[in-house]
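Notes follow once the structure below has been shown.
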């Protein structure tokens, strides 16, 4: 029949059109709600799929732990070098920048070159990360014992200066014979000033004076060794960046790669980049010897840190965090080796397919096809 054949051709054309476009619904709000529900389900399904991927989950946790060290060292290394090695703020900033930035650039470039040069897979990338983590861990242990053996004594209120009623929140250091640093000329009991020198000090011997500024007992040998090891630690720390990225990209499905990178960034911010400055800030503040006063009931910034105990607290915490990362790497290595030993592991990744949830448009299309049996879609 001519009319029936015409209707069949029209039905086939409508089915082909529905293959690429959503059908018109009677209520626009129904389409909007269905699309939003489908997007939400897709996001939740993708998150569950990524978190159920044990390789992806482990490498994200490792990246988060390593990010704690990167954020903390970037934030507090200048203050650490200034306090432990008796250097000025400007010189500490210059030395830190001239060491950390080239090491980070060179390490990232070298890591990318090695991955490309040797065509590393997931297992080879894990071994490379494990080697770099071990070397940087040993470097942190060496930095723990490098500090300036200063003989400077810091004096606050003493018996001879109590009558002066010196403020404990005023920091104008003066040095006596490069051995004793007083918080201010008042704490040394000085009453006369002559340029940068203070004299007639009740806390000193007769006819003795002090000079303005803290006593500088710089130890150049220890500083040079510290900066050299810091360069190596930073190099091997950034050497792991490219292999970590390659593991993430190769351990997830192709359509989930961009979403996996975004989810990793969110997890790193929550677990590392937000709490790390707070954690290490509390650790460093606990080693403060003298505080300034911002208001009547609130303390301000720290005048002076304990240079003898600061290395053990800062790098001791860093070594513990690095140990956690090392343990996670061992677990990831064992899991990856077991996966590679499974039979047909190499061909399964290429031949097997994963059933993905149907999209909203496909569900609507199947529903309309059930209502009209004449509508068929090409396979």
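Using N, Cα and C of the backbone, Cβ positions are placed for all residues, glycine too.
TrEMBL: automatically predicted annotations, no manual curation.
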Have a look at 224-249, 354-379 and point to the one annotated transmembrane segment in TrEMBL.
224-249
If TrEMBL is the reference, give me the range from 98-116, 155-173, 174-192, 193-211 marked as transmembrane segment.
98-116
Does the transmembrane segment (224-249) reach the transmembrane segment (98-116) with at least 3 CB pairs under 8 A, where each pair is 6 or more residues apart?
yes
Tertiary contacts of the transmembrane segment (270-292) (same chain, 6+ residues out, Cβ under 8 Å)
61, 64-65, 67-68, 71-72, 75-76, 79-80, 154, 156, 168-169, 171, 183, 299-306, 309-310, 313-314, 317
Which residue counts does DSSP give the domain 'Kazal-like' (154-205) for helix, strand and coil?
6 helix, 18 strand, 28 coil
For the domain 'Kazal-like' (154-205), the averaged pLDDT of the predicted model is 80
